[in-house]
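For reference, the structure discussed in these notes is given below.
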Amino acid sequence: MALHSLIADARRLVVKVGSSLVTNDGRGLDQAAIARWAAQIAALRAAGKEVVLVSSGAIAEGMQRLGWAKRPKEIHELQAAAAVGQMGLAQVYESEFARHSIRTAQVLLTHGDLADRERYLNARSTLLTLLSLGVVPIINENDTVVTDEIKFGDNDTLGALVTNLIEGDALIILTDQRGLYTADPRKDPGARFVDEAQAGTPDLEQMAGGAGSSIGKGGMLTKILAAKRAAKSGAHTIIASGREADVLARLASGEAIGTQLRAPTGRMAARKQWMIDHLQLRGRVVLDAGAVEKLTAGGKSLLPIGVTEVQGEFARGEVISCVDAAGLEVARGLTNYSSAEARLIARKASSEIEAVLGYVSAAELVHRDNLVLL
């Protein structure tokens, strides 16, 4: 089945709209543009699709309301602008969706909300309940309390995380660009447009400029990485221009617009997906070659004897990263021991744990049922 048909058949969509598509060149909200987005999403709802909207624009609206001509550099001022602007963003979306008799809900999330298992499940339950009630959730990062997301702004990642959270069928990232090219078309006249590819392939990241490039910072690279993340849960991604007329309706009808990135695998188990979606891990363990082989090829649990080093501070039950000697992450899992305990039993046989600690919580540092390979 063609990817376009898969998108057309998708029941649950996450739509991410960038700041340039909802603001007047960064100076306050463009209510006419938001009205068009509301109309398009209303049409999707009428066609039987569930839609979650991830929208930027709060800081731009806050600056307008506060009378600031230039974007401030101080984090606390950006946070203040976000707090003021979030009111306007919610008001405009509410009024425009009301024209179509659709209720909206404002949901502000942080990475911490999705890293904590209980809060993650609560957020998931709330969003699924809203969708079942016919409500369109409007999601944004809680910029008022988060600093890194303002500094490096990345609602593309948030869109992917939300897609995984609600087990969405597809992520649609709308931007002011047509999609992905083999090179920067502004600099390379030979750049070719990529209409379809498999998400997560290394070539895509190179096309987008690679990590740390001038092209990639806050640009296409974040979208490529978001597609890679969404693909882990079996969701396909479309990167398309929000300037295209009726782009959502046309995509939903199966029309080929933008770059279509196919998920290579089926949906992952929910708990393992949650572990992969951790953006900030508090600890990691370095494994010897034998442990790496047993995890990746043998499907075994991680035993303390295979750990050569414990880095960071973490508690029992937290998600930790498992890396090889070169620092390459090979797996993630829920640890049965704290970092302090892990340091004591590292390089020890499981039979020695009780002699070292005085007790045994488990024979494994990470059981294979609580382990996900990357």
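Using N, Cα and C of the backbone, Cβ positions are placed for all residues, glycine too.
Cross-referencing N155, N164 with the substrate binding residues that Swiss-Prot gives (S56, D143) picks out N155. ATP binding, as stated in Swiss-Prot, involves T175, D176; the candidate among K16, K49 given for that site is K16. Neighbours of N155 (substrate binding site) among the binding-site residues K16, T175, D176, defined as a Cα within 10 Å of its Cα, are K16. Residues listed for substrate, S56, D143, N155, cover a largest CA to CA span of 11 Å. Under DSSP, the residues of the domain 'PUA' (282-360) split into helix, strand and coil as follows: 26 helix, 23 strand, 30 coil. The DSSP secondary structure for N155 (substrate binding site) is helix. Closest by Cα distance to D143 (substrate binding site), from the binding-site residues K16, T175, D176, is K16.
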